[in-house]
Amino acid sequence: MMKLLVIVVSLFFRFAASQHCPLPTIAEIETVLPPLLIISDGDQSYSPNVTEGSVQYVCLAQGDTINTYEAIALIANFTRNPGESERTRILDMECSSGTWTGRTGSLDPPPASVVGVPPRTNCYRCREGFGGDTRCRECDSACNTGLERCTGSGSGDCCLVFLPNGDCSDDCSSSGVGYVASEDTDYKCICNLTCALGHSPNSNCTECIFNDICDISNPCLNGGECTSFSGMNNYTCNCTGTGYQGINCS
């Protein structure tokens, strides 16, 4: 119970310290649209409905933990009110204290140059006026490797990999000598040890250890006692006192 409490408290303080946002839901995009529509289309009542599957991200400014963002620019199809024709617009959203808001004056028809193009991820700001049509204010040149994510404008704000706890880092050294990150791992630090059949890396990624079948899957049923021997599938089951018999006390 105490261990669970510590984990919950730790996660709470991590979230409280970060307060950056995961990608917005359709409902969150719909919530930020009315104030932007008032500025672009006039002061009236709006009840927008965003078309499912229409959202395309143009710019993603990384938050300080995995899968969180400080700012984004996106293209979406939506109707301003029920019964009206659908329109397509680009807009900027910024995360403050864990909540998405729309950036004033950012709602515009999308430039053709960004429609259907993969999002920019080497950005620490996503605002109209930065980076031309992409709305991306680029990371410092020190962050020009990996996926080019950063959490600020300075050379010390690079986020090239994600540590096992989800925090941003500029390398995997703090995770251990055997950890690496690559495009194949979505730039998360993972253990890179190659182990023989029946073995796997230990928790520190420092050596390969034998996979004890009794610990992994315990093939002995109904309370039978499992004893393993060398070799991945070598074991015996002691069925004494269980009322069952056979190889697996079944």
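Even glycines carry a Cβ here, placed using N, Cα and C.
Owing to the predicted nature of the structure, the values given are computational and were not obtained by experimental measurement.
Which of Cys214, Cys220 pairs with Cys237 is settled by TrEMBL: its disulfide partner is Cys220. For the domain 'EGF-like' (210-250), the model gives a mean pLDDT of 87.
Residue counts of the domain 'EGF-like' (210-250) by helix, strand and coil are 4 helix, 9 strand, 28 coil (DSSP-based).
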